[in-house]
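Here is what Swiss-Prot records for this protein:
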- 14-43: NADP(+) binding site (BINDING)
- 14-297: domain 'Prephenate/arogenate dehydrogenase' (DOMAIN)
Amino acid sequence: MVSEDKIEQWKATKVIGIIGLGDMGLLYANKFTDAGWGVICCDREEYYDELKEKYASAKFELVKNGHLVSRQSDYIIYSVEASNISKIVATYGPSSKVGTIVGGQTSCKLPEIEAFEKYLPKDCDIITVHSLHGPKVNTEGQPLVIINHRSQYPESFEFVNSVMACLKSKQVYLTYEEHDKITADTQAVTHAAFLSMGSAWAKIKIYPWTLGVNKWYGGLENVKVNISLRIYSNKWHVYAGLAITNPSAHQQILQYATSATELFSLMIDNKEQELTDRLLKAKQFVFGKHTGLLLLDDTILEKYSLSKSSIGNSNNCKPVPNSHLSLLAIVDSWFQLGIDPYDHMICSTPLFRIFLGVSEYLFLKPGLLEQTIDAAIHDKSFIKDDLEFVISAREWSSVVSFANFDIYKKQFQSVQKFFEPMLPEANLIGNEMIKTILSHSSDRSAAEKRNT
């Protein structure tokens, strides 16, 4: 345990450097300076004059480039896109101060570690981090992975832990290999699902929440719409980095497209028993040991909707039952890949807990899975939409297999542009929904601890 006197001494003498002032870099810069650390930052050199004016009143110091950050900093954090990490470390890494500590914030650590090992001076320690949440989420209580990859100086690890303590996150210690496997297991399939959903809606040019109570109405639909739009309100590289640079993610995204295709084939071939057997096996594998409360309940699911319609003012019109192919394919993928999503809850992002929650709800709410299978076989109201969804899932799988950031960016931004007019409202509702769901899941965890 580091003494308070030691931490105060570090704050008075040490400098934290941040290369890259995107959303997460800025979050770290503000959190660290608010906690009393000296922070020096830079972004791309051509933005210097603009950012100097923008952050004139900020507590951190802004300099022109990463060379100036690297020469002065005792802990350097590269907060840059995964696609650029190697190039940027190659440029600024050799300027690192003697004996400094270096880390990064990318969502896939293999290329980051490779860049550090290749371009950093041998006297640098490598202790890297990953906050498993977005910049709009409160850092308190969220998972923060710390990877002590190379430490020659005993105080280095204690120092990084002391710096990160101001985030009030749950610190999790992993190797970079463990980190990459876990992030793929918890994010690759679920991101593919909601990217494909948004892509399918954009292709058929509909905002699903505007169609009244007939289609895409109700609790599960609220979450699907809100999460899909939340993903498309972020920057494309947030998801591209994980999907393209993480080898484990490739297999999982391919499996998601395969699961969606195979389940859809069973639906259109009217193979009800085969579909039922397959989904019950998936249910047993993923949820067989589940006890206690569900992560989500009806009250939360019904509360947050973009739709202006309601059952009460629509002549008692009932929503058309949905096949929920996108959610069925998530659970089937976990089953086919042998992934137990509950194994990684300590490293789960806020969005992953919601993905797991809606999947849990669909498979464990009494009668709902059976109703969903019945709708998939006997009610063809969603068949055209499901076909478009399968095409979108396969497209995303192909984009990832090409490992081309430009193609990924183009695909993502074309869908983003379609939803752009709706994103501000969706973000407001989505933020409230996420806050409520995370609070509910914390309450559930506390209740289960009391009962054990």
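Here the Cβ of each residue, glycine as well, is placed from N, Cα and C on the backbone.
What Swiss-Prot annotates, mapped onto the structure for a quick look.
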| residue | record | Cβ within 10 Å |
| --- | --- | --- |
| Lys14 | NADP(+) binding site | 18 |
| Ile18 | NADP(+) binding site | 28 |
| Gly22 | NADP(+) binding site | 17 |
| Leu26 | NADP(+) binding site | 19 |
| Asn30 | NADP(+) binding site | 15 |
| Asp34 | NADP(+) binding site | 11 |
| Gly38 | NADP(+) binding site | 20 |
| Cys42 | NADP(+) binding site | 25 |
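For the domain 'Prephenate/arogenate dehydrogenase' (14-297), the model's pLDDT averages out at 93.
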